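> What follows is a single structure, and I will ask about it in a moment.
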């Protein structure tokens with residue numbers, strides 16, 4: 001392997017749909033990573049969902065060999081990163097493994113909210129940034145205006161920006177030359193003792209866990225005994241290699257390189273992302289600074305529509321967990337829905353993708369309960385609790401105070417839609433922190449409660465701005481709030497699966513909306529059915545499903561009135577008994593429709 005000065009480790013960062021994965025395809029094609037017949041669109045997006053939705057979920061890596069104009073061969077390690085806010089953690093891991101970044105901006109759309117978030121992360125990691133303006137072939141492309149926008153908002157020098165069209169392949173050689181000439185090589189190795197950063201891990205059915213590493217010092221070779229510093233686990237390396245993007249086995253990974261190894265590790269949970277890997281015999285003294293753990297922020301219950309599918313759901317979740325350590329689940333039961341799982345996600349897109357993968361890859365039909373967030377409860381007896389399931393909320397008399405999570409949201413929107421976006425944020429209990437204009441776009445920063453975001457905020461933001469607004473958020477603080485548990489009763493029976501924790505000011509509106517929706521969904525019976533929304537013992541909304549009238553006199557043609565009276569009295573007694581003991585069956589379809597996110 002050549003000297004470190006011929007290695008370049010870089011990641012591609014951009015907002016969704018600005019052309020990251022297409023640019024990665026062109027770079028692979030240009031450097032001969034795959035033959036023309038093996039190329040497909042979005043080579044690095046391996047999941048079907050990634051290709052269909054046009055998003056990157058898992059960060060992917062590939063090593064390219066490029067012969068530069070100076071006559072030398074350079075080894076380029078490319079990390080393709082996700083652009084969606086839910087997967088910002090994947091971005092932070094990729095950035096920590098690299099020295100430079102390609103910032104891709106769509107020259108027809110300009111700077112978006114997620115572009116900003118990723119750029120600031122790259123700057124925090126001391127990255128050298130090469131600006132790439134994409135989609136130059138489109139008639140709406142305005143490179144000069146976008147350059148000015150970038151200088152105004154981010155403050156990066158745009159005089160050496162590379163203008164390309166990733167789709168048609170224009171300017172790809174300029175990007176490669178910029179990578180070689182402007183991005184720095186890895187720092188010289190300061191020691192021969194192995195020190196490597198664990199960047200990612202995933203499960204392979206034949207090899208066990210495959211671990212992606214960035215070697216900082218020393219080298220990693222086959223049959224070495226290595227130690228994970230966070231867990232002190234010791235393993236023997238079985239295979240070492242890199243991706244081109246095909247898997248390529250080699251003998252050794254040197255300092256500065258990015259590659260993978262396998263070591264007969266059974267579970268992804270044993271490999272903590274951000275951990276330091278070192279030699280068991282000669283361990284390094286100090287571990288690398290890792291990443292802050294990625295904690296789930298949105299929770300919901302997943303239940304099989306058929307209880308016989310429970311074991312299949314359990315196995316399916318375990319398989320998904322092998323490749324997605326940020327996804328958490330635990331068993332729970334509900335009187336209405338049976339046995340299922342309480343699951344934790346990074347955000348709503350993450351929730352949707354897990355749901356879609358369960359139905360598509362494992363053929364499961366699921367009911368999803370209303371999403372909730374983690375609340376902090378301070379009890380009168382001094383105990384502090386963290387809950388995310390409304391069923392776990394203690395009696396309000398025992399609670400001293402409750403805190404809910406708030407987020408800091410950055411929204412970029414064309415100024416003609418600003419009014420609609422501001423009124424949406426105000427409706428969601430938002431507080432405006434900042435408001436500025438860049439050309440004809442407004443950048444607003446709001447503080448918003450997370451439990452208002454998880455319902456339908458993103459969908460409504462897109463619809464009130466005709467799809468032009470972009471949105472990025474990060475957790476901010478927990479603040480005291482007047483929260484209540486909104487319960488739904490059907491025929492005086494509490495339906496636990498429909499319970500939610502809401503702000504007192506929104507309780508009546510949401511309770512009424514749920515009652516109205518259930519009235520349309522639950523089939524009529526022979527008795528009146530009361531659907532009620534309650535806070536504790538107080539009813540705040542009610543709808544009634546009127547009874548079906550069964551005509552018991554239809555077979556009485558004339559005859560004695562006492563005969564008719566006897567039949568009517570019998571029906572009356574039956575209805576009384578039904579009201580007393582009858583359970584109202586709520587069909588699964590009613591649950592699914594009532595719990596639909598975004599139909600508020």
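From the backbone N, Cα and C atoms, a Cβ is placed for every residue, glycine too.
Keep in mind the model is a prediction, meaning the values are calculated, not measured.
Per Swiss-Prot, the features are:
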- 17, 18, 19, 20, 21, 22, 134, 135, 136, 137: GTP binding site (BINDING)
- 5-187: domain 'tr-type G' (DOMAIN)
> For residue 21 (GTP binding site), which DSSP three-state class applies?
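Where residue 21 (GTP binding site) sits, the three-state DSSP reduction gives helix.
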> Around the C-beta of residue 136 (GTP binding site), how many further C-beta atoms are within 10 angstroms, looking at every protein chain?
17
> Give the maximum pairwise CA distance in Å, whole number, for the residues 17, 18, 19, 20, 21, 22, 134, 135, 136, 137 listed as binding GTP.
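Comparing all Cα pairs, the maximum is 17 Å.
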> Within its own chain, what residues at least 6 apart in sequence put their Cβ under 8 Å from the Cβ of residue 19 (GTP binding site), listed in sequence order?
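Same-chain residues close to residue 19 (GTP binding site) (Cβ under 8 Å, separated by 6 or more) are 104, 106, 134, 135, 166, 167.
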> Would you identify the secondary structure of residue 134 (GTP binding site) according to DSSP, in three states?
strand
> At a 10 Å cut-off from the C-beta of residue 17 (GTP binding site), count the other C-beta atoms across all protein chains.
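Residue 17 (GTP binding site): 16 neighbouring Cβ atoms within 10 Å.
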